[in-house]
Amino acid sequence: MSFALGLTGSIGMGKSTTAAMFRDLDVPVWDADATVHKLYARGGAAVAPIDALVPGAMKDGAIDRAVLRAAIADDASLLKQIEAIVHPLVAKDRAMFRDIHSTAPLIILDIPLLFETGGDAACDATLVVTTSPEEQRRRVLARGTSEDTLHDLLSRQMPDAEKRARATYVIETDTLDGTRQDVAHLVSKLTEGT
């Protein structure tokens, strides 16, 4: 069975860029966000059950995330019900990924809320990517996100310091070259002797 490294980091910390660096080194990467998007897309396994729970959430055969967010804002109890639909489907997709890549020496499980959802229990080790609060803010605002939205997103995530304290490995993502070197070093370390 492959060594599973859970990858996480708060918004703007460089998680997607780091995941791409693992892919560039031919390490299979499973992306929780992409899986949820697939489940919400036309023909996705979550579409019908969510539409039954939140009438009108389906538009053109797919889940309209804005409608879903508005429904959750109106009735917070919906979130747990939606999670009860989505989480088992995500776990099934992750298990299929692990089966497909069972002979790979290393796989990455890219899970934004790794610690918050208990996803770290499915991992052999965890990696948190981090940068300074100033750089994080600069990156997120450069995407067109407002200060208020950034504050709201961060308030719903585990603080970076706590993530770093819980992580097996931490990579500072201040520079692309430094991050690339750290990723390559970690891949070598975790695949030595395989």
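The backbone N, Cα and C atoms fix where each Cβ goes, glycine too.
So that you can see what the record holds, here are the features copied from Swiss-Prot:
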- G12, M13, G14, K15, S16, T17: ATP binding site (BINDING)
- 4-194: domain 'DPCK' (DOMAIN)
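S16 (ATP binding site) falls within a helical segment according to DSSP.
Each of G9, I11, T18, V129, R139, T173 belongs to the same chain as G12, M13, G14, K15, S16, T17, is absent from that list, and has a C-beta within 8 angstroms of the C-beta centroid marking the ATP site. All chains included, 23 other C-beta atoms sit within 10 angstroms of the C-beta of G14 (ATP binding site).
Looking only at the domain 'DPCK' (4-194), the predicted model's pLDDT averages out at 94. Cβ neighbour count for M13 (ATP binding site) (all protein chains, 10 Å cutoff from its Cβ): 24.
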